[in-house]
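Novice: The structure that follows is given in the form of structure tokens.
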Amino acid sequence: MKVYKLKKETYPVSSKKFKIDYRKELNSSQLEAVELTEGPYLVIAGAGSGKTRTLIYRVARLIKTDIDAESILLLTFTRRASQDMLRRAASLIDYPCERVSGGTFHSFANTILRRYSKTINFQSNFTILDRSDSEDAINLLRNQLNLNTKEKRFPRKDTIQNIFSMSVNRNLSIELIIGRDYSYFTDHIEDLKKLKETYSKYKLTNFLADYDDLLIFLKQLLKESEEERRLMYVAATRAKCNLFVTYPVNIFDHSRGAVLSKQSRFIDNIPQNILEPWNLLEE
């Protein structure tokens, strides 16, 4: 198993300022993640290791170190989890955390893109495709391209959607995904590539965005536009991947990682473009 630690770059803060006994409430690894409030910090941890607890205490400490609550963004994959974490952080420091921005990755992306999508030449009045909508659009285009008339069975619309989503989220080619996970569809690789390109053009032409597009467009916007980088601190957690990251938004990188079957495999599957900006030491 690989362990990554951030190079030490600490900024002393008087312990008298805090009513919370962080050393008592957190273990050493959690404490390190909570106390380093300057610079990027990537934490990779397994299930049940206290990621949510660490984020809650980190938000509390950021506020108590006079970080403007309005510059903190707490993101999760469910709205309920975000609200619960803000409530728990508020109870720790006796401070209302409603000024902290919180929500899901997709709701945040939707909000930002509605305001600033023209920066990346995308209409702000776009319509969001949910999973079912996306599958139906793929099925429509599949029929228009006459891909259902092949002698060998063509993938179902939900399978195609999975393949396209995996390609986008993990930045993998259709060939690699088919070869690794869907080898029985090898004969359809070229048709799937054509369908994926057609699907992308269809969405742009009709001002549509699926859930994957929301995150990809947000990444593009934050990388290309200085104006929208007002949120200095980002806290993010995704339980399914057992990964949370906290970092300044001006080095925003997006990945939804890999399914965690084994911790070592999970770490190895993290795209290198996520690890490169972090000044990490490997132990």
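Cβ atoms are placed via backbone N, Cα and C, with glycine included.
Pulled the feature table from TrEMBL, pasting it below:
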{"type": "DOMAIN", "residues": "24-283", "note": "domain 'UvrD-like helicase ATP-binding'"}
{"type": "BINDING", "residues": "ALA45, GLY46, ALA47, GLY48, SER49, GLY50, LYS51, THR52", "note": "ATP binding site"}
Novice: GLY46, GLY48, GLY50: which of these binding-site residues has the sparsest Cβ neighbourhood within 10 Å?
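Specialist: If we count Cβ atoms within 10 Å for the binding-site residues GLY46, GLY48, GLY50, the smallest count is at GLY48.
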Novice: Based on DSSP, name the secondary structure state of LYS51 (ATP binding site): helix, strand or coil.
Specialist: helix
